[in-house]
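J.: Structure in structure tokens, see below.
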């Protein structure tokens with residue numbers, strides 16, 4: 001996977017030391033994605049297109065570097081995507097974490113996006129607010145709440161899989177062993193995390209908070225982050241990669257990832 005030019009929040013290309021490689025995948029398509037229906041925390045399954053997207057993603061990841069674990073939101077559309085990936089990567093199980101869920105969108109959940117301004121103007125106004133602490137009526141989260149929840153979850157996962165989990169270095173290897181690690185960072189384990197468009201957008205903001213263009217987070221897209229053990233450094237290595245879907249016939253069906261559908 002090609003490196004992404006986007007920079008970490010520390011403003012340079014130096015790797016965190018040590019770090020874990022977190023491959024973040026957005027779940028495959030659902031019928032609600034395809035019809036622009038707002039999902040949030042509502043538990044919607046993948047449709048057939050989504051299953052094919054997940055299969056294409058799984059095939060890609062199984063041919064790349066070893067995956068040590070697969071984590072996922074506990075919502076069906078993410079869990080099913082994760083299970084397909086885990087099976088392809090010869091992992092016996094997935095680890096479900098509700099902290100990786102989509103943003104709770106309150107009274108907007110279950111409505112078609114294009115109808116919400118008319119059907120629930122108060123919730124729509126809250127959704128469109130530029131205030132990051134604005135909650136959505138009906139139990140919906142603010143962007144601040146979403147950001148704290150999902151980035152904390154990803155940092156917790158990274159901490160479990162950083163280079164400090166490796167065995168001790170060979171005895172008396174000295175600078176010959178340590179210098180490359182100091183220059184490049186100690187690479188920890190590579191894990192997959194399946195989440196949702198809104199949450200993945202918050203991961204991007206955490207790693208590149210300077211307003212760099214984000215674009216849509218497409219269904220089944222691959223996004224790679226290097227995250228330090230203590231969570232204070234995030235680097236984007238790959239963003240929005242859907243090359244594995246091109247030519248598959250399932251790319252054009254992908255919808256959302258722009259904060260509207262979940």
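Cβ coordinates are placed from backbone N, Cα and C, and glycine is handled just like the others.
Just so you know, TrEMBL annotations are computer predictions that nobody has curated.
Since this is a predicted model, take the numbers as computed values, not measurements.
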J.: If TrEMBL gives 26, 27, 28, 29, 30, 31, 32, 33 as binding substrate, which of 60, 77 does it give for that site as well?
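T.: Same substrate site in TrEMBL: 77.
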J.: Within 10 angstroms of the C-beta of residue 28 (substrate binding site), what count of other C-beta atoms is obtained when all protein chains are considered?
T.: 30
J.: By the count of other Cβ atoms within 10 Å, pick out the sparsest of the recorded positions 26, 27, 30, 77.
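T.: Lowest Cβ count within 10 Å among the recorded positions (26, 27, 30, 77) is 30.
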J.: Select the most exposed residue of 32, 102, where exposure means the fewest other Cβ atoms within 10 Å, treating these as the recorded positions.
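T.: 32, out of the recorded positions 32, 102, has the fewest neighbouring Cβ atoms within 10 Å.
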J.: Give me the largest Cα to Cα distance among 26, 27, 28, 29, 30, 31, 32, 33, 77, the residues the record lists as binding substrate, in Å as a whole number.
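T.: Of all Cα pairs among the recorded substrate binders, the widest measures 15 Å.
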J.: Sort residue 27 (active site, tele-phosphohistidine intermediate) into helix, strand or coil using the DSSP assignment.
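T.: Once the DSSP labels are grouped into three classes, residue 27 (active site, tele-phosphohistidine intermediate) ends up as coil.
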